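Trainee: Encoded as structure tokens, here's the structure I'll be asking about.
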Amino acid sequence: MSEHDMQNTNPPLPPLPPEITQLLSGLDAAQWAWLSGYAWAKAGNGASAGLPALQTALPAAEPFSVTVLSASQTGNAKSVADKAADSLEAAGIQVSRAELKDYKAKNIAGERRLLLVTSTQGEGEPPKEAVVLHKLLNGKKAPKLDKLQFAVLGLGDSSYPNFCQAGKDFDRRFEELGAKRLLERVDADLDFTASANAWTDNIAALLKEEAAKNRATPAPQTTPPAGLQTAPDGRYCKAAPFPAALLANQKITARQSDKDVRHIEIDLSGSDLHYLPGDALGVWFDNDPALVREILDLLGIDPATEIQAGGKMMPVARALSSHFELTQNTPAFVKGYAAFAHYEELDKIIADNAVLQDFVQNTPIVDVLHRFPASLTAEQFIRLLRPLAPRLYSISSAQAEVGDEVHLTVGVVRFEHEGRARTGGASGFLADRLEEDGTVRVFVERNDGFRLPEDSRKPIVMIGSGTGVAPFRAFVQQRAAENAEGKNWLIFGNPHFARDFLYQTEWQQFAKDGFLHRYDFAWSRDQEEKIYVQDKIREQAEGLWQWLQEGAHIYVCGDAAKMAKDVEAALLDVIIGAGHLDEEGAEEYLDMLREEKRYQRDVY
């Protein structure tokens, strides 16, 4: 409602009679307080007496409201934030919720109560949609937040060194800028449901109590905010995956390649599952039976020993196969195991966090048992393990092209540790143990932060290395199916042209058909001097800048630890060199692209 509308809602009030004015002038503070309450109550019933309601006569107290923000790579943070917001609204609290990609960072200065749920990507970095706020809070123009109360829930994976680092960074910076915690930060691991539910329950109880103390009547928000969509995937989800059939498993790297990359095709017929280019497919898997046997043999545990898992009793061999994480080590496992395996060397490892992190990254769980033998019961061992979690793979097909199928591009994890061959959990399941027509449990994980432009006439630049090319196959398939006018440019890198050119014939056909307008390939090991995608970006600086001036959207997919950082540095060099901006101006330009959703990353 405009100011003009507010002024004309009711007829003007007549002036008070002189005798009333004289009487009021003699009231003390206590009498004024009583009279204001009496008048307000009467005003609430004024309309029934034919009197105008005093809608603007008294200043309204500030409503008790909470802002709930989420920053997510795959959607988990958003789902938790939405649940927290729903809980608060059910308690009668006014809630404003948003994903950080849709939130104006400068608005943070005006917030009074804030809940933030954030994941972490790469080497402890915030998700791409949180970068603008992260930079603001850590920059020279960071606002004072002394009027803000906040709580942070971090989502992460404790097998990585910088566990929940983005949540830790936001939590610390809020406090440094003067904000006060509503609750201590919670760092939730892959199996985050219990931690997230407890955090949501605690914050809802606390804020409900605070709202009751507040004189303003909470105004529940009953209409979902704009942009909030119902998941299109029907009843199949992470908790209830669809039992799909494997259609194809084809190795697409050459026999001589050091990489084993598979093109996987899965049948979704009958599932009513829908996905968009940029989405991921969640894959549930069983651990390798040989790995389960090796672990039980090392511990001296009878495979038939009954334990409780998944809410029911079952043999420990079955539990380890289907319910517990065996291929990703964690600091928590090593510390817990050290309490049973009394070795001075192991004690030294857990005493130094940097050494522990390096040990975890390079030593599988089974090889911890080999190196430091110990005797544990089945119950003692499983208490050290995390629940098994699905793996997410970027979808490499467009449903407009393949219908009820979904395609994946899977890099199979294979390595040796102290002479023993090891294989990744999900990638080994898909490549080695899942037979054609065999069943694999899947679900669609939306990724709204990695989407083609709504305007299909806009040009796109796709930058990826290795299996990071997967979503770009889906992008170009989609544009070809739509006969889109927008130009497509692929910048792709891998070690060798002859061994590692993923989907070579398809890219050639797309180019021939007019749907791949420009392409640059970086083969890092085909010459003495290594060439990477970032080198191609710098080499094509003028052309890339021209595409940006034409409104191009840039997409980056691949390794977060090295490749994504090097690509961003190269993009900044392009903006500085071809765009004639200084370093600060280039950073601001890249931030502008982020805010306009013209610079999107899917890194892991």
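A Cβ is built for glycine as well, from the same backbone N, Cα and C atoms used for every other residue.
Below are the features listed in Swiss-Prot for this protein:
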type	residues	note
BINDING	72-77, 119-122, 155-164	FMN binding site
BINDING	THR327, GLN361, ARG391, LEU392, TYR393, SER394, THR409, VAL410, GLY411, GLY424, GLY425, ALA426, SER427, TYR604	FAD binding site
BINDING	SER524, ARG525, LYS530, ILE531, TYR532, VAL533, GLN534, ASP566	NADP(+) binding site
DOMAIN	66-204	domain 'Flavodoxin-like'
DOMAIN	239-453	domain 'FAD-binding FR-type'
Trainee: What whole-number Å value do you get for the CA-CA distance of SER427 (FAD binding site) and ILE531 (NADP(+) binding site)?
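Mentor: Rounded to a whole number, the Cα-Cα distance is 28 Å.
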Trainee: So how many of the residues in the domain 'Flavodoxin-like' (66-204) end up helix, strand or coil by DSSP?
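Mentor: Reading the DSSP string over the domain 'Flavodoxin-like' (66-204) gives 59 helix, 33 strand, 47 coil.
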Trainee: Quick one: mean pLDDT on the domain 'FAD-binding FR-type' (239-453)?
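Mentor: Its mean pLDDT is 96.
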Trainee: What are the sequence-distant neighbours of ARG525 (NADP(+) binding site), meaning same chain, six or more residues apart, C-beta distance under 8 angstroms?
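Mentor: PRO495, HIS496 - these are the non-local Cβ neighbours of ARG525 (NADP(+) binding site), listed in sequence order.
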Trainee: With the NADP(+) site defined by the record as SER524, ARG525, LYS530, ILE531, TYR532, VAL533, GLN534, ASP566, how many Å span the farthest pair of C-alpha atoms?
Mentor: 18
Trainee: CA-CA, which of the binding-site residues SER119, GLY122, ASP157, TYR160, GLN534 lies nearest THR409 (FAD binding site)?
Mentor: GLY122
Trainee: Check the binding-site residues ARG391, LYS530 for other C-beta atoms within 10 angstroms of each C-beta and report the one with the most.
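Mentor: The residue with the most neighbouring Cβ atoms within 10 Å is ARG391.
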Trainee: Within 10 Å of each Cβ, count the other Cβ atoms, then let me know which of the binding-site residues ILE531, VAL533 comes out lowest.
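Mentor: It is ILE531 that, of the binding-site residues ILE531, VAL533, has the fewest other Cβ atoms within 10 Å.
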Trainee: Between GLY122 (FMN binding site) and GLN534 (NADP(+) binding site), how many Å separate their Cα atoms?
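Mentor: Rounded to the nearest whole number, the Cα-Cα distance is 18 Å.
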Trainee: Would you kindly give the Cα-Cα distance separating ILE531 (NADP(+) binding site) and SER119 (FMN binding site), rounded to the nearest Å?
Mentor: 32
Trainee: Taking the residues THR327, GLN361, ARG391, LEU392, TYR393, SER394, THR409, VAL410, GLY411, GLY424, GLY425, ALA426, SER427, TYR604, which the record names as binding FAD, find the longest CA to CA distance and state it in Å to the nearest whole number.
Mentor: 24
Trainee: Tally every other Cβ atom lying within 10 Å of the Cβ atom of GLY122 (FMN binding site).
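Mentor: There are 22 of them.
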Trainee: Considering the binding-site residues SER119, THR327, SER524, which residue's Cβ sits among the greatest number of other Cβ atoms within 10 Å?
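Mentor: When each Cβ's neighbours within 10 Å are tallied, SER119 tops the list.
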